Each structure stands twice: as C-alpha cells, then as structure tokens.
C-alpha cells in the first residue's frame, strides 16, 4: 500500500486524542492509518477494507512489534463510503486504544506494545488527509 503522509516526533500522550479527517477515494479499495513508535513498531495498524485482501467492508486492525505483525482483529462496523469525507478519532492509554468511527461507533484495540507515547503516524491507500488535529 503506497504511503502518503508520514509524521514523526508527535509525542501524543495517554488520554490525548488524534483526529484525522480526509477524503475517501471514489474507487477506494482500502486505506490505512498507522500509529506507533516508528514504521516497525506500530501499536495500531487501522485498515478499512472496502474490497481488498479477501475482506469486504471490514476494518482490520493489527500491531507490529520489531517488524513482526501480531494477530489481526476484525470489526464489521463499517461507516465508510467511497467518495465521502470521513473522520476518525484515536486515543490511547497503557492497556488499549479507542477508535471512534465517523458514525460515533467506538471500539478498542489492545496496546500490545505498551507504548507511553505515540510518536509516529503514517497514512496510505485510498484516503487523502485533509486535517490532523491533537486534542
């Protein structure tokens, strides 16, 4: 998946929220948001799949520790629409990350790396970022 935005030295602390808003491509197959320490140490790989890798309208989440992927977690809540604007809010603490989807639905993903700060963000695929905010 081609990488678009990459940001480092974010110093996002527990309890703070990262809000990402962007445009989903009209012909979207999938996109991803990655958060963590760096590209090889991700506490969250957030990957909405419209029709990719055998998944249809499914959000796949994972982590990467030292370059090794963990076990995938799938969410069937899928409020994303091709050709629309979408916003995702992500916050975290020592035990898990909370992902709030555009329709208000929230789910949790374990903080497997036990990160105390998130310093890295990357985005790729069929999603054009318009705004990144820290709250």
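Cβ atoms are placed via backbone N, Cα and C, with glycine included.
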Per Swiss-Prot, 45, 46, 47, 48, 49, 53, 69, 70, 71, 72 bind beta-D-galactoside; matching candidate in 62, 93: 62
Number of helical, extended and coil residues in the domain 'Galectin' (4-135), per DSSP: 0 helix, 88 strand, 44 coil
Neighbours of residue 30 (phosphoserine) among the recorded positions 13, 49, 62, 72 (Cα to Cα, within 10 Å): 49
Mean of the pLDDT scores, which run from 0 to 100, over the domain 'Galectin' (4-135): 96
